């Protein structure tokens, strides 16, 4: 380099330095227009040149990267041409020199420059700043699974909050019971921000704190604050509760149900404490004699269950709680009382009395509460008297049987016990009836029942042979059942049941009577000119009604009666329908004469006979009425002949 060139460079450098020292400013960029869009929107980039459209002969678009301008689009005489690169396929020329940028992303948050050169080489520039926003997803929160101990001297992790896919980075605020928490003193908040390949951000915020016992029910949540075009927004997570561990201060023993207890109740003794986690529980019972404590077995998690509480379960119980973390041991005691009624006794225990004598029954019992007594008759459940003493005077045979002494505790509903005493009245055998009647069919097998009362227990025998079964109806009544076949000899003499004991004897006779079936016959004889109709009704030979001594005899008679009545009604209905049909057809004149003649068609030459038998008993049959309303004797068989003619 020669001396002249060196001198020239020195002069230029000096002039430049003098210009800067004189405060001459560099070219100042114009303030950019700010446009806000959400991710995925189409952004309109308007050039807005003051030059006329005819002068827009040369327009270039750039975006600014650090201190450099990167050319992305050019317009020449109304024709647009994108440059190769990231915007090649996303820019579209609108009217004039305006552009449309499709599907903006966080990477498009930059300054775009529109440069216009007129025909007179006059140059204008416009700066556009794009601001891109994206709302984050709903925040998620996770409470610390390990819990927090209140005796810790440093903050422990309470919960973690995640906000995903937001732009710009969302701001996280923590709340406890709807009040914001600040990062100071016993509170510490840490945050990790991650930028995804899409340009979106995920933020993970962790709350650390020292908690107290009062925070065991506290609810924590996080809030994400973010901006969208037009304003600020926020999203809240759900509320969570974190497990807080704290030492116990006291224990107590709870008994359920919380009422007066009685034998047979299900009772639960449960140890409880105000510590978390619960301490180790032990339940002990005090021996009432030695006053020493005996550990109760079969407890689970500090709970003792008595499925059927009894008198011996009463006593003093103690719950002992041991906190392993602090080594503190705490106890509580509870008195358990199971109310009872026991040892109910009646004197005399099994009295045996004579008819006409008197008896005094005394009842006593033991209980944990005041008792009341009353007496009831066993077979009727009737209350006879209140009080512990029952007087029975002028005893009769009917006074024998069971008596119940009921001892109850009014203060404890449902607590009562009873004692049964059987009073025996000595006497000769007594039968239900001196004689009884039973309807039977010949050769059938029947059961004859004989019921006898008496004390001492009577011996029963039958006058006929058969199979005999005996059983006691109660402590002074015997049932003897004879299974026998109905034969002529039995029908003639009946069956005698004899009962005897040391005080006398008695008997009852059961008479058997045959059931005769009622026969109803309708006979129709036809020929070419006339026909004949015959109706025959046969009644039992005896209409005598007799009562029976057993339930079995009555039930059998009633069954036969019901069947007979139903059959007779059906037969009369059928007969009436036939006669009414013939009358309506004009084939039978109306009249009350015993015989009517009507000519039948030649084709009806056959004879029709209908016979119906009824099991209706004599006492149910009554008297049969004739056609004129007059009654007929049971054995009277009326005949009716009807001559059917055209």
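Quick reminder: no glycine exception, Cβ is built from N, Cα and C everywhere.
Annotation source TrEMBL lists compositional bias 'Low complexity' at 525-542. Sequence annotations record features per position, and here TrEMBL assigns compositional bias 'Basic and acidic residues' to 629-646. According to TrEMBL, the feature domain 'Ig-like' maps to 30-129, 139-241, 247-319, 342-422, 429-513. Per TrEMBL, region 'Disordered' is recorded for 525-550, 620-646. Among the features that TrEMBL reports, signal peptide is placed at 1-23. TrEMBL lists 559-583 with the feature transmembrane segment.
For the domain 'Ig-like' (139-241), residue counts in helix, strand and coil come to 5 helix, 60 strand, 38 coil, using DSSP. Across the domain 'Ig-like' (429-513), DSSP assigns 6 helix, 58 strand, 21 coil. Taken residue by residue, the domain 'Ig-like' (30-129) breaks down under DSSP into 6 helix, 50 strand, 44 coil. With DSSP states grouped into helix (H, G, I), strand (E, B) and coil, the domain 'Ig-like' (247-319) comes out at 3 helix, 36 strand, 34 coil.
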